[in-house]
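Trainee: Below is one structure. I have some questions about it.
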Amino acid sequence: MASSLTVSLVAAFQASMAVLLVIFYGALSVYMELLDSKSAKMMSKISVKFFLPALEFVKIGRELHAGGGHRYNVILVWACLTHTISFLIGAGAHFIFGMPDWITATIMFNNTTSYPLMLIQALDQTGLLNPLLLEDGGTGYNPVEQAKSYFLVYSVLSSCLTFAIGPQDLLSALAQVQQDREGESEDDDERLHFPTEHTNLLSPQHRPAISSRSTSFFPSRRASATMTPPTRDTNRAIVYERRPSSIISRRRWFELSDRVRWWLLFFYDFLNAPLLGAIAGAIVGLSPILHRAFFNETVDGGIFTAWLTASLENIGILFVSLPVVGAGVSLYSAVTKTSEKGKGKEPTSTPWFTTFYVLAVRFAIWPVISTGIIYYLAKNTNWVGEDPMLWFSMMFMPLGPPAVKLITMVEVSDAKEEDQHKVAKLLAISYAISPVMCFAVVGSLNACQAAKS
């Protein structure tokens, strides 16, 4: 028994190290001046808007059948529950223990896409997932590909919640506006007050400075950005900054009412590429005719399989590794950037209690909670079905290091440089110790086998 446990731990550790090494390669590429932070942003952009939708369409469409949709409904419910619990844990840490405000996002948003996809792939190569395979899986049964589709569905809801709290596209656009206006006079620059996800998307009204701090998800802002109200001229300039130029002309945009423009911006941000890719995959998967056309062999009616589906699958595969490399680039760039800004100043260190709290929640508390809940449901109810791979995937979904996109969210939220440095260091530490997830992997595997027997 001890020997078997040791073998499992070593195999799980090797799988975790495989992912960590890919992150290290991204950091090494920055050190060797092959990539930089701009490259990481471009890699992230094309991965999220191009490669991820293609991967979701292929994986979800292929694995989702008309008779198996209940498995994905369970994942959506589980995603809502886990994110709600994470939000409460993070908000409680902020209000009860007085931790920084960014603790909520750090606890709530973990890496739900590229990291677990690569880890599942590595675990499959070690053979640890073999005990979870169904003996009567049927024709075309591929549990690893099913597990990937489960994680992709879970990540869709995570992306939607990211929009609800702090849409990355909106924040990135506002950050770009600020960069474009750096050449303006100092007085005008100090008066700029850009809308956030908690203010009007169009022409924000004059409000007291305290409202910006009390309603923001990241209220730790620089004083210069919150104390001076915007002028009427700057408000008028903001109205048209976020016009979706690809779908509507500037002249037509001017003719629309404020309400129509607000809703257009809302749906333009919310209906993001990953969500549309998942919806398209679900439609194709649940339609027998479309499923046959896209995923059957050519001789069995798969008229799109050999060319269209194959091409989408080829670019979708890039999403598994490219964002992980980009994570290494972003982490290394963020840490070095904040270190350079801090030269000549008193060194800033991440609070040890905050760091310990985040790491404990992500790598210890959540594994116990998720494994316990799913084990109980699998053993005593039929709510989570009879597929051990689904159980293992659900146990693993809320685990792991925080999402790298938190660096961008904190930067464009106009947080203090001190907070940016702390978040960057915290994320670097989280990914550096991520191989400790081998204990959670072995625990989840044993729980699934116990529930299966």
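Cβ coordinates come from backbone N, Cα and C, glycine included.
Just so you know, TrEMBL annotations are computer predictions that nobody has curated.
Residues or ranges marked as transmembrane segment by TrEMBL: 12-35, 72-97, 260-286, 315-335, 356-378, 390-412, 424-445.
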Trainee: As a test: from 72-97, 260-286, 424-445, pick the stretch that has the greatest number of Cβ pairs under 8 Å with the transmembrane segment (12-35).
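Mentor: When the Cβ pairs under 8 Å are tallied, 424-445 comes out ahead.
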Trainee: Among 72-97, 260-286, 315-335, 424-445, which stretch has the highest count of C-beta pairs below 8 Å with the transmembrane segment (356-378)?
Mentor: 424-445
Trainee: What residues elsewhere in the chain lie close to the transmembrane segment (424-445), defined as a C-beta under 8 angstroms and at least 6 residues from its ends?
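Mentor: Residues packing against the transmembrane segment (424-445) from afar: 5, 8-9, 12-13, 15-17, 19-20, 23, 106, 115, 119, 123, 128-129, 131-132, 327, 331, 334-335, 337-338, 349-350, 354-355, 358-359, 362-363, 367, 371, 392, 395-396, 399-402, 404, 406-407.
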Trainee: Which sequence-distant residues neighbour the transmembrane segment (72-97)? Criterion: at least 6 residues beyond either end, Cβ under 8 Å.
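Mentor: Hits for the transmembrane segment (72-97): 60, 64, 103-108, 110, 150, 153-154, 157-158, 161, 282, 353-354, 357, 361, 365-366, 369-370, 383-385, 390, 393-394, 397-398.
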